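Trainee: From TrEMBL, for reference:
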REPEAT    312-345  repeat 'TPR'
REPEAT    354-387  repeat 'TPR'
REPEAT    396-429  repeat 'TPR'
REPEAT    438-471  repeat 'TPR'
REPEAT    480-513  repeat 'TPR'
REPEAT    522-555  repeat 'TPR'
REPEAT    564-597  repeat 'TPR'
REPEAT    606-639  repeat 'TPR'
REPEAT    648-681  repeat 'TPR'
REPEAT    689-722  repeat 'TPR'
REPEAT    731-764  repeat 'TPR'
Amino acid sequence: MQQEKQTIKDFAAFCTKEYKDDNNELEIIKEFASNYEPSNAIWWYTRECFTYKMLNKALRTLNGDIIVRMGFFLRDVHRQIQELYEKQVSQYDGKPFKVYRGQGLYADDFKKLEKNKGGLISFNNFLSTSSNEHESFIFAGRASEKEGMVGVLFEITIDPSISSIPFASLKEVSDSKTEEEILFSMHTVFRTGEIQKFGDNDYLYQVELKLTSDDDEQLRQLTDSIRKEAAGTTGWARLGNLLLTIGQLDKAEELYNTLLEQAVTDIDKVVFYHQLGVMKHHQRQYKEAVSFYEKSNKLMIQIRPANDPAVATSYNNIGLVYENMGDYTKALEYYDKAVKICKESLPENDPLFASEYNNIAVVYKNMGDYSTALEYYDKALKISKASLPENHPSLCTSYNNIGDVYSQMGDYNKALEYYHKDLEIAKKALPDNHPDLVTCYNNIGVVYKNIAENSKALEYYAKALKICKAILSENHPLLASLYNNIGLVYNNMGDYPRCLENYREALKIRESALLPSDPLMAISYSNMGSIYDSMGDYSTALEYFEKALKIREAVLLPNHPDLATIHLNLAACYERIGNYLAALKALQNAFQIQEKAFQVDNPAFAFTFNRFGSVYRASKNYTMALEYFEKSLSAFQKTLPDKHPYIALAYTNIGDVNRLMRNYEKALSFHQKALDIQENVQCDPSYCATTYINLGETYREMKDYSTALKYLQKGLHIREQQLPKYHPDLAAVYHRLAKLYLATQEYNSAMNNVQQAVDIAQEKLASNHPHLIEYRETFEDIRKKL
C-alpha cells in the first residue's frame, strides 16, 4: 500500500512538470494526489483533465515512459470495468443490444478497414461508446468535415449470451452522470460486418461491429499463441519485457539491475542475467551481452537438466551475439549445441526448432551460402505453419527471411513474392501502425530500388516513413535507416542533392540519438562517403570512409565482413583520384578479411575481384586486370542467375580490357553479351551507359566512326540524366567524343568536347591525376589542328 501511494505521488510530480504552465490542471493534479483511490479510477478517466489526455496519447503513441508511470491507473480502470461488468451483466438478461461510437479515421486507415470486412479489429485504448445513436452520429459528422478524415459511426452489437468480455455502463461512476456511456477495456476485439455510406457523402460511413464470442476459433488461436510467447516468470519480469519491447532500454536496465541485487534464488538470477544480456544486445554492446548471457547459462546448467530446452535457448542467445559480431564459426557452434538439445528433448515440430533453424539460416546467408540458408529457412517455415495459426505474426518473419535470401541472390520476383506474403499477414494480424509493417514496406522498397523501379521504391518507403513518424520520436534510429534507404533511391536516380539531403537527415538523427562509436554511425558515414564519391568530391568521400573505418575497427572483430566493405569503398575512392598503390593496399586488406570470414564461393569475392581488375586496368596492367575480371565473372556465375546485371557488368569489363589489348572481336563479343542482359532485364541504367561507352570506344579504335558515335551518344545521354554537371564520369565521355571527332577531322566539335573534359577534371581531380594529364594532351593535339 505504501509503495502504491509513492507511485501515485511520483506520477503527480511528473504531471506537475508536464503541466507547469497550466494553473487549472495543476489544481486538478493536487486533487488527484490527495484523493485518488482505485475505486474512483473510472471517475478520473472520464473527467475532462490530464488523466484522460495523457493516457490516451501515451497508448496511441506507445510512449513507454508515461505508460509505465500510469501502470497503476491502467490496472485500476481495467479492474473497475471487470467489477462493474460482474454486477451489471445480469441486467441484460442475455439479450443482444447495440451501442454506438462516432469518430474520425484517416482516409488511408478507413480504406484498410474496408478491405478487412469480416476480419478482426481492436482499439488500442479503453473504448468509450454510447447508447445514444444520435449523439454518436453528430461526432462522426463533425469528424467527416476535417480534411483527410472519414467520419465513421460504429454500430456495435453486444450479445452477453455468447461473450464474457467485460464492459460496463458508467452511469453511476462517470464524472458526467448524464452520459449514457458504455466502456470497454483495452484491446477488446470485434469482428467487422457491413460498411455502408450515408447517402451521397463519400466521407461519412456506418460500420457494423460485433463483440467477438467466447468460441471464436480464429481469435482464440491467435491470442493463445501470443499470450504464450509474452508470458514472463513474474509480473516484474513481464514489465521488463514490455519495456524492452517498446524501446525503453534505460528503464529496463534500471529495473533488472535492481531485481538482480534483490534476487535470492539462482532461478531469479538466471532470468535477470539473461534479460540484461538481451538489453546489452539491443544496445549493440556485444561483449557485455555475451558476458551476461554466459553468467545466466553457467547458473542454468547447474539447476536444470542438460537437455532442458531453456538451456538450448541460452546457447541460442550466445550464438546470436557472436553472429552480430561477425564470428560466424562461433555462432554456428552455439546454434548446433542448441539444436542438439532440442532434438533430445522436443518433438520435431516444436516451435523452438523453427527459431533455431532460422538463426542457422541467417549465418549461412551472411556467409553467402544461399542454398543452405534457404534449406534451413524452409525447415523453419514448415514447422511454423504446422504449429501456428495462419495469421500469426511469426509467419511474417519466415516469409521475410526467405524474401531476404532471394533478394540477395538477385531473384527479385521470388523476393517480392515472399515479401508480399509477409505483408499480407502483417496487415491482417497487426495494428496499422505496427513497427513490423515498417519492415515489410521497407523490404519491398529495397527490391524495387534494386530493379531500378525508383518510383515504386519511394512509394513503399513513404508508407514506412508515415508509420515511423506516427509512432516514433523524431530522432529514432529507425527513421534514420529509412532516410538512408530513400537516399539510396535518389542516388540511383542521379538526384544527388536529394540523396545528400536524406543522408544528412539520417546522420543528424543518429548523431543526436546514438553514441559516436555506434555501428550505425559507421553506416551513415559510409553512405555520406559514397554520395560524395558519386558526386566526384573524392577528398570529402575519403574523410567519411575513414570515419566509418575508425568506428568499425573499434567495435568489430578484425575479420568482420563490414570492415572489408569499407576497405573496398576506400579502394574505389583511391582509384578515382589516381592513387593506385593505396587502392591495391585497401583491396588486399578487404580480401584478407573476406578469406577469413567467408567460404570460397561467397559472392562478396566477386566484387573484390572486380575492383582489383578495375585498379589494374586503370594502372595499365591489362594482363592482371583481365585475370581478375575473369575471376569476378566466375564467382558471380556460381551464385547468381545467368541474366543477373552483375554478370553483365563482368562481361563489359572483360570486353573493355580486350579492347585495350586490341582484341577487338573478343571485346565486341563480351559487350554484346552484356547488352543482351542489360537491355532485357531491369537494372541500374548507369551499367548500360558504361557498356554503350565501352562499345563506342571499341568501334572508334576499329575506325567504325558512325557506330562509335551512336554508342557514345547513348552513353552520354544516360550519364547526363544521372550525374551532376561537373562529374568526372562525364569528363571521360567528353574526352572519348573529342578523340572521335579528332579522328574524323571535325576539330571544332573535338575542341568543344575536350574543353568540357578538361574543365571538369580541373575542378574535380588532382593536378597530377592521369586522366587530367591525358585530357590536356588531347587538348594540345586538337589545338594544333585548328
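The backbone N, Cα and C atoms fix where each Cβ goes, and this holds for glycine too.
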Trainee: Near the repeat 'TPR' (564-597), which same-chain residues lie under 8 Å Cβ to Cβ, leaving out any that are not at least 6 residues past its ends?
Mentor: 326, 328, 367, 522, 526, 529-530, 533, 536, 538-539, 541-542, 545-546, 548-549, 552, 558, 604-605, 607-608, 611-612, 614-615, 618-619, 728, 765-766, 768-771
Trainee: May I ask for the residues of the chain that lie six or more residues beyond the repeat 'TPR' (731-764) and have a Cβ under 8 Å from a Cβ within it?
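Mentor: For the repeat 'TPR' (731-764), the sequence-distant neighbours (Cβ-Cβ under 8 Å, at least 6 residues beyond its ends) are 536-538, 693, 696-697, 700, 703, 705, 708-709, 712, 715-716, 719, 771-772, 774-776, 778-779, 781-783, 785-786.
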Trainee: Count the CB pairs under 8 A between the repeat 'TPR' (480-513) and each of 312-345, 522-555, 606-639, 689-722, then give me the winner.
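Mentor: Checked against 312-345, 522-555, 606-639, 689-722; highest Cβ contact count belongs to 522-555.
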Trainee: Taking all residues of the repeat 'TPR' (522-555) together, what is their mean pLDDT?
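Mentor: Mean model confidence (pLDDT) across the repeat 'TPR' (522-555) is 90.
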Trainee: Kindly report the helix/strand/coil residue split of the repeat 'TPR' (396-429) according to DSSP, in that order.
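Mentor: Summed over the repeat 'TPR' (396-429), the classes give 32 helix, 0 strand, 2 coil.
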Trainee: In terms of Cβ proximity under 8 Å, which residues at least six beyond the ends of the repeat 'TPR' (648-681) contact it?
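Mentor: Same-chain contacts beyond the flanks: 606, 610, 613-614, 617, 620, 622, 625-626, 629-630, 632-633, 636, 687-688, 690-691, 694-695, 697-698, 701-702.
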Trainee: As a quick check of your reading of DSSP, tell me how many residues in the repeat 'TPR' (731-764) are helical, how many are strand and how many are coil.
Mentor: 31 helix, 0 strand, 3 coil
Trainee: Summarise the repeat 'TPR' (689-722) by DSSP state, stating how many residues are helix, strand and coil.
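Mentor: Here the numbers are 31 helix, 0 strand, 3 coil.
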